[in-house]
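What Swiss-Prot records for 169, 170, 171, 172, 173, 174, 175, 176 is ATP binding site. Per Swiss-Prot, the feature site 'Required for activity' maps to 373.
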């Protein structure tokens, strides 16, 4: 078969027209060293700090050290098969995670991939894990409460929406239990929750997820997991991933609560990465920027104003503020709050709840030490009735501690001192609360009212718990309208006080506890 010149020319023209030019500018480099999850790459001339680097097998590394002739990157995942000479590429992207309502009720890893076996996630888009926190002008003061359901916390150390309240204490003092109860208490409050588990056992996390499901709180909670067996890079990044997921709700005029459990393990993971990258160690072998590690994370928890939300949503949401409340957890060693990471996080947050081993072992749970626990901004957000009634609780407990120590050496005590001791020991007993049993505002108000107005005076110490349970049951059945009113409004006036007093007088007369 012979083709003439015209046919050949037409065929070439046709081929040229059909040819599609696909150009992709990708910077390529070569791995020159692999050790302990850290790779050194030569040849990446154009790479950003924190950029994702594509590795073979759908894996990524994050560029952390940008040096003159090489790049130090940390691998997110297994690295045993990586070897010298393997080609890698830049992506031009910072790490992003999926965000949206589709994540609620799901358990995901640091990268936002589902690990609960419930199928793919229907996300609303992606968000970078590292975001600059809202500025001063974009924020609004904290004046709405987050009810934890704990009398000891809501009365003495109140937390507001947009606040950062540290939960600090030794191991096995009830830190996680307090945070999980706070999440369970948001079941009907409309606050979306994010629980970030860093460096924990998989069995512990499975137990937490099961408890959240049992109490109906998993449906409005996202669980982000980086277990102890996962790469240090994933443990270091997990809190930032969870924060990005929580910010999705804040920026759309909603309220969210995030628990970081715990930031001590995140700091250890970051220390490991920094030392392997040959960064100079500082105090306790942590790198120099460990303060910035936590400050840039916790500053993202905030209450943003109406203008910020309106601008972010392009006018879709107007007249609403958004908030992200953070409950970071720090584990201390032998109660040493003056160590490097605890002092850093105490100085960043808006207050701390200090849980003590001695109190926990003595049966006082939650083991809150009211002497050194404080909330710096929550007072403005406290529910009116709790604020009015709880003023004397902290004073009573502080005086009781002081007098109890003094009374060990004094043989005879005057009546006033003995009365203070009696009152203090009963208030301490009243502050005890079982796990997974958060209390409503009205229930807390009734209990505190009973303590403040002297109704516990004639109650045996070991019967205080029974007295409270019977009292709450009585008030719920006989004064249901009052309980409903307090729960809905949180108000306190002469009428409410009179009805509470009348209810308690009747109950005490029955002696049914």
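Including glycine, each Cβ sits where the backbone N, Cα and C put it.
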Cβ-based neighbourhood (8 Å from the centroid) of the ATP site, residues 169, 170, 171, 172, 173, 174, 175, 176 excluded: 331, 355, 357, 360, 367
Spatially closest candidate among 169, 170, 171, 175, 176, the listed binding-site residues, to residue 373 (site 'Required for activity') (Cα to Cα): 169
Of 171, 175 (the binding-site residues), the residue whose Cβ has the fewest other Cβ atoms within 10 Å: 171
Residue 169 (ATP binding site): tally of other CB atoms within 10 A of its CB: 27
Entry from the recorded positions list 172, 173, 176, 373 having the most other CB atoms no farther than 10 A: 173
Chain-internal residues near residue 174 (ATP binding site), provided their CB is under 8 angstroms and they sit 6+ positions away: 355, 360, 365, 366, 367, 435
